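Q: Pulled the feature table from TrEMBL, pasting it below:
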type     : residues  : note
TRANSMEM : A:23-44   : transmembrane segment
TRANSMEM : A:50-70   : transmembrane segment
TRANSMEM : A:82-101  : transmembrane segment
TRANSMEM : A:116-137 : transmembrane segment
TRANSMEM : A:170-189 : transmembrane segment
TRANSMEM : A:218-238 : transmembrane segment
TRANSMEM : A:250-279 : transmembrane segment
TRANSMEM : A:285-310 : transmembrane segment
Amino acid sequence: MLYNIFIDPFVQMAQMPDLLVQTLWEGLVSGVLYALIALGFVLIFKASGVFNFAQGIMVVFSALTLVGFYEKFSAAGFSGHTAAFVALVLTAGVMFVLAMLVERVVLRPLVNQPDIILFMATFGITYVLIGFGEMVFGGDPKQMIASELFLPSGSVDVEMLGGMVSFQKIDIAAAVIASVMIAGLALFFQKTRIGRALRAVADSHKAALSVGISLNQIWVVVWFAAGLVALVTGIMWGARSDVSFALEIVALKALPVLVLGGLTSVPGAIVGGLIIGIGEKLGEFYWGPLLGGGIESWFAYAIALLFLLYRPQGLFGDKIIERI
Amino acid sequence: MSLKNWLYALSAAASLTLPAVHDAQAEDSIYVPLFTYRTGPFAGSGTPIANGMHDYLTLLNERDGGIGGVKLIVEECETGYDTKKGLECYESVKPKKPVLVNPWSTGITLPLIPKAAVDKIPVLSMAYGLSASAKGDTFPWIFNPPATYWDGFTQILQYIATQEGGGIEKLKGKKIGYIYLDASFGREPLPLIEQLSKELGFEAKLYPVAAADMQNQSSQWLSVRRDKPDYMILYGWGALNATAVKEAVKTNYPMEKFISIWWPSEDDAKGAGDGAKGFKTLNWHAVGADFPLLADIQKHVVDAGKSQVSSKDKVGQVLYNRGIYNSMLIAEAIRKAQEITGNKVVTGEDVRRGLEGLNIDEARLKEIGLEGFTGEVKLSCADHNGHFSTFVQSWNGTTYEKVSDYIAPLSDKVGPLLDADAKAYAEKNAPWPARSEACDAS
């Protein structure tokens, strides 16, 4: 047993290095995609101190809206690429309207309420979006319009280490797009006036208001940014499978990422995503068979739990000191 | 009177009136609840089945005025493929005296098994649920025609043996991968797989997929790449199927060696593009809408705006037709119950007898408007399943085509295991009631 746990997996890694590289690559891609989901949570938490339970359904809603618009424009005679990009712009518009509605209808009336009230309000948003999405788009799965958005298909197969490692082009695109998006958001937070205002709001609503920062404007901006992140996440995850309400449960994978990276840190979301993504793939592939397989679903939480024991605020999260 | 008081008065009046209305309905109608899931992660599979079931029963109401002159009250309850919600649905429909329930989830079916005899409500778990519930002597209230998950597995094994150029002995030394939803449904055949792998000498490799990872199967398919199974068998549902086909294509797994139990839809294969051509599934009924009954559904239900199908081309797709088949069993069981009892309005107890006496032969299929749609269905008091043959269909890029003859299950292998499993179930749930229900001569 000890051999199977501590020796055999490493022997396998040495014997089949191509599969190790493939596993690391798959973990990296999953990690980047988890990071994207986690980023949506972090953005909103930073700005409002709210854990946005609706982030998962925002991923589904934005992807369904995109495909829904595409189908309408396609049926109206627009060419594939034109219909796709018009749909993309309109979907971004819908996410902006959603951000305004959330701010106006949900957040504004709840200013200065305890965090748990705002958290519960995001449950409400979740169920409204589920109901509205199902009413408008139905439950049928839809195909993501990846090729219409010029996302590549097929794979790049590279002979290395005595075997073949296959890199899916859509995965490469996902990694590049996610990296650009994350870098852009990090710059936005650190270097722009709105970014600084956003961090001020995260520290204290009252203090931010007292120096003239418009809380309402910041909330719209941040929910819109989270909506755009959700849209990109929906496109990437949807291209890997299909666009359906099943995507919502993928968002649960962001929870251990957040525990690991910290709820307030953009770099934390990235590093956390990568650790979870790579960790669970290695765990499932090399140690999963010892436990009958299927350990991926809890392995991420086990990693997060270990971190939690030693660093409750996560790798990059702020240590919270409260006066009691 | 203020508006508020008016509202109070109206709601009080409604609460007094509603039970009376329901009782009135109960006197001259038959209540058929449909547990469906048009929402949630499994809606992709649940919606077409719900449409098929609903449209068939709606047709009977619209075209024939119900069954035997009695209108059907068809009511859907949304379960989201969630066992907890399914049980809530069951409790909510129970007071309305349903003639049977269709859980459409193995997870929901399992806790209903002990309740069925107590509440006198038959459970129709059509080709899903507990395989051993085929044993009518132990489970007089549970019905799972036309084949169990265990039958399906042996049918796939036989197809594989045929591909290897011989009988079942050809499986010896083969490596067979089993990728499945890690839930009651996917775990159902595991005891059979364990037993058969020993008896037939093949190596089984298991690849469970948790519901949360349905769209994230790269680990399982990396393991497939490492283990190099000769054939892969899929027991998936919802987004798991679509993702599995995509991942198989991505891994360059040969599609002609990838065979599923009967649940994948057209959409599940379509998403993977041309690479999915050759993907195979079991089936026991036709695909397509070229049947008189489906033409009637088109005319009386779809064109009349009484269906929820998102487009007309959904009528005739594989899971829509699965729903049609399910409702055919419901309708024929009710009809048989009316025939046995001489009553127009039948109860759950009557329909249980109707299901045991079910005998849908070629002539009856023709009368229904489904000639050539499927094989005959005949159940009995002892056999609530029938263990009927299925065939293999292959995805050609547009639709599924039948590519094999009908394959009977390995009854000599499955039968004793089902007996043992039914006995073990009764012992585990002791004191399990001995069958007290009389058997109508069939």
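Backbone N, Cα and C atoms are what each Cβ position is placed from, and that goes for glycine too.
TrEMBL does not curate its annotations; it predicts them automatically.
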Q: Name the range, of those listed as A:23-44, A:116-137, A:218-238, that has the largest tally of Cβ pairs under 8 Å with the transmembrane segment (A:82-101).
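A: Selected stretch: A:218-238, with the most Cβ pairs under 8 Å.
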Q: Of the listed stretches (A:23-44, A:50-70, A:116-137, A:170-189, A:285-310), which one yields the highest count of Cβ-Cβ distances below 8 Å with the transmembrane segment (A:250-279)?
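A: If we count Cβ pairs closer than 8 Å to the transmembrane segment (A:250-279), A:23-44 scores highest.
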Q: Against which stretches of its own chain does the transmembrane segment (A:116-137) lie, if we need a Cβ under 8 Å and a gap of at least six residues from its ends?
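A: 48-54, 56-58, 60-61, 64-65, 67-68, 102, 106-107, 110, 245, 248.
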Q: Let me spell it out: take the transmembrane segment (A:170-189), skip the flanking residues so only those 6+ beyond its ends count, and list any with a Cβ under 8 Å from a Cβ in it.
A: 25, 28-29, 32-33, 35-36, 39, 43, 46, 146, 151-153, 156, 195, 198-199, 225, 229, 232, 236, 239-240, 266-267, 269-270
